[in-house]
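Step one of this worksheet: look at the structure below.
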Amino acid sequence: MGLLSKKDANLILDPLADNNPITIQVLGICSALAITAELKASVVMALSVLFVLSMGNVVISLLRNVIPSKIRIIVQLVVVAALVIIVDQVLKAFAYELSKTLSVFVGLIITNCIIMGRFEAFALGNTPGKAFLDGIGNALGYGIILVIVGFFRELLGSGTLFGFKVLGDPVTKTGLYSIGYENNGFMIIPPAALIVVGIIIWVQRSRNRELIEEA
Amino acid sequence: MKDKLHQLKLKYQGTKMAPAFNALHTFLYTPNETTHSGAHVRSADDLKRTMNTVIMALVPCLLFGMFNAGYQHYSAINGFPENFSLFEHFLTWENFLVGIPTILPLVIVSYGVGLAIEFLFAVIKGHEVEEGYLVTGMLVPLIIPVDTPLWMLAIAVAFGVVIGKEVFGGTGMNILNPALTIRAFLFFAYPTWMSGDKVWVHEAVERAGTADAISGETVLGSLAAGSEPTFSLADMFYGFIPGSVGETSTLLILLGALFLIFSKIASWRIMVSAVLGSLAMGLIFNGVVDAGWLPTYSKFYTLMSFPYWQHLLVGGLAFGIVFMATDPVTGSQTNKGKWIYGFLIGFLSVMIRVFNPGYPEGVFLAILLMNVFAPTIDHYVVRGNIKKRLKRLKTATIYPKSSDEVDSLKTETA
């Protein structure tokens with residue numbers, strides 16, 4: 001990380017693991033449960049949040065000295081809404097099928113707690129450059145969990161990855177399916193994501209015991 | 001043998017594998033050490049004896065399940081005997097020889113995988129192996145269809161033991177009944193193997209689509225499909241019907257229930273109230289049908305007009321009430337709570353049974369749901385009791401107990 005000072009690098013690296021928005025702060029769970037049945041949807045969702053969060057952080061940071069603190073939430077909402085609409089329109093134009101899979105959850109990025117949380121906690125008190133890095137870091141931390149969850153749910157639930165039949169064809173019984181393997185229907189339904197996220201939290205905290213909260 | 005084990009225990013004390021060894025040691029014999037400090041109660045039944053008692057109550061169901069697996073298999077192939085005879089058609093070696101090789105592997109996989117995980121966690125975490133899995137391991141093969149693939153069972157058991165129990169801190173800490181967690185996982189993960197008319201009879205899945213195809217629909221299944229069951233009431237009561245391995249025979253479950261109540265292992269309050277609950281819901285449904293509120297073309301008509309008390313004879317209701325709802329860990333602890341908890345289990349089981357569009361059975365879902373609510377029920381029962389006692393304290397006048405005390409009080413105040 002020759003480009004960035006150690007402090008700036010931490011803005012990106014910290015949210016990836018030890019201060020992950022999903023597994024440590026437990027924010028943004030709703031979308032993590034809803035759209036991770038397919039890896040493709042997870043990746044697109046992660047990219048959308050990356051765009052909205054990094055751009056939004058910069059905009060809020062630029063405006064931080066002119067926003068009256070009494071109405072700051074409304075201003076923040078306007079900024080997120082504008083960015084989310086851009087993402088939504090782009091998806092509808094260039095990836096219509098995918099935007100149908102994601103359905104309302106693109107629009108619901110507006111209510112994603114991670115975004116409002118970073119605006120409040122970071123962008124309102126830091127320079128645009130730092131806010132940008134913070135946005136990238138937190139969005140990546142969010143995205144990494146989405147991709148992990150999406151990977152396991154699609155692999156075990158549908159036997160595919162990005163739509164490719166990596167385990168063989170369940171209809172013509174090739175690959176793993178020829179020896180009696182079957183897709184796990186439980187992984188397709190949203191509660192499975194809750195359990196996968198739970199297992200990630202469990203693994204992470206047993207590797208780094210400092211993360212365990214006191215009861 | 002006993003002394004040798006005691007010596008071996010001392011030798012392994014403090015080593016990593018000690019918990020695994022101790023588990024086997026105390027399973028076979030009482031330990032040679034006693035508690036030295038604090039107050040303790042001496043009793044003949046520790047957790048292991050409790051578990052063994054439940055297993056003894058389950059053995060008749062398991063043996064019956066083995067005979068029934070063969071009986072259902074052959075009667076699906078040859079047609080049901082018109083004049084059924086217990087010794088000629090049911091208790092035959094042929095039936096048993098079909099039953100043993102299909103059901104014994106289920107038991108072995110269930111115990112093998114489950115205990116392996118229990119031992120693994122005990123060794124990693126350095127605590128003693130807890131006995132909770134002894135009963136779960138026996139319940140699991142009894143509540144699944146005969147031909148459940150072994151690898152599915154292995155995955156489900158691993159899931160149930162790790163997510164249903166170990167993450168909460170092991171035996172005694174779990175919120176949900178582990179056996180039902182395993183059943184629910186199998187149901188949601190592999191629904192085609194858990195419902196329909198192909199899974200309840202041995203070899204029906206392999207024969208599907210061939211000239212030798214056989215099938216056997218459960219009583220509830222045919223009711224949900226809108227047709228009257230072909231089995232007589234006696235068949236339902238004695239258990240000569242298709243269904244999960246050990247759930248069919250209401251008679252043997254009843255014997256197990258009496259045994260558990262007599263040995264004071266399971267709560268009779270939960271069993272009685274659950275039976276009342278299911279009867280109440282059944283009566284409501286029958287009442288709706290009798291009052292003519294439901295058109296005969298409704299898809300719920302056959303299930304709702306099913307005589308209310310017969311719900312107890314079919315499906316897993318009786319088995320669930322006796323062996324699952326009474327789980328002391330996941331059920332309610334207070335006496336009043338047990339009545340509410342049991343009643344709602346029976347009530348909801350029949351309700352889910354009738355209204356579940358995909359699957360005409362609801363016992364395991366009802367019990368899991370009430371498992372979640374059991375602590376809440378207990379909380380309010382305890383709070384209600386505290387309130388009642390406080391009220392009593394307020395209105396009560398406190399007198400000295402004996403005349404001696406009155407005298408001594410007088411001398412003190414004088």
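From the backbone N, Cα and C atoms, a Cβ is placed for every residue, glycine too.
TrEMBL does not curate its annotations; it predicts them automatically.
Taking Cβ-Cβ distances under 8 Å and a sequence gap of 6 or more within the same chain, the neighbours of B:Thr218 (FMN phosphoryl threonine) are B:Trp200, B:Ile241, B:Pro242, B:Gly243, B:Val314, B:Gly315, B:Pro360, B:Glu361. The FMN phosphoryl threonine feature in TrEMBL is assigned to B:Thr218.
Per TrEMBL, transmembrane segment is recorded for B:54-76 (among others).
The transmembrane segment annotation in TrEMBL covers B:96-121 (among others).
Annotation comment: TrEMBL describes B:133-163 (among others) as transmembrane segment.
According to TrEMBL, the transmembrane segment annotation covers B:237-261 (among others). Counting same-chain residues at least six beyond the ends of the transmembrane segment (B:237-261), those with a Cβ under 8 angstroms from any Cβ of the stretch are 53-54, 56-58, 60-62, 64-65, 68-69, 71-72, 84, 90, 103, 106, 141-146, 200-201, 216-219, 231, 268, 271, 312-316, 318-320, 322-323, 326.
TrEMBL lists B:268-288 (among others) with the feature transmembrane segment. Among residues of the same chain six or more beyond the transmembrane segment (B:268-288), those with a C-beta under 8 A of the stretch's C-beta atoms are 257, 261, 294, 303-309, 311-312, 317, 321-322, 325-326, 331-332, 335, 338-351, 354.
According to TrEMBL, the transmembrane segment annotation covers B:308-326 (among others). If one looks beyond the transmembrane segment (B:308-326) by at least 6 residues along the same chain, the residues whose Cβ comes under 8 Å of a Cβ in the stretch are 54, 57-58, 61, 139, 142-143, 177, 179-180, 218-220, 229, 233, 236-237, 241, 243-244, 246-247, 250, 253-254, 256-257, 260, 266-267, 270-271, 274-275, 278-279, 281-283, 285-286, 341-342, 345-346, 349-350, 353, 360-361, 363-364, 366-367, 370.
Sequence-remote contacts of a segment are chain residues at least 6 beyond its ends whose Cβ falls under 8 Å from one of its Cβ atoms, and for the transmembrane segment (B:338-356) they are 220, 267, 269-282, 285, 300, 303-304, 311, 315, 317, 320-321, 325, 331-332, 362-363, 365-367, 369-370, 373-374, 377, 381. Residues annotated as transmembrane segment in TrEMBL: B:338-356 (among others).
Among the features that TrEMBL reports, transmembrane segment is placed at B:362-382 (among others).
A coil conformation is recorded for B:Thr218 (FMN phosphoryl threonine) in the three-state DSSP classification, outside any helix or strand.
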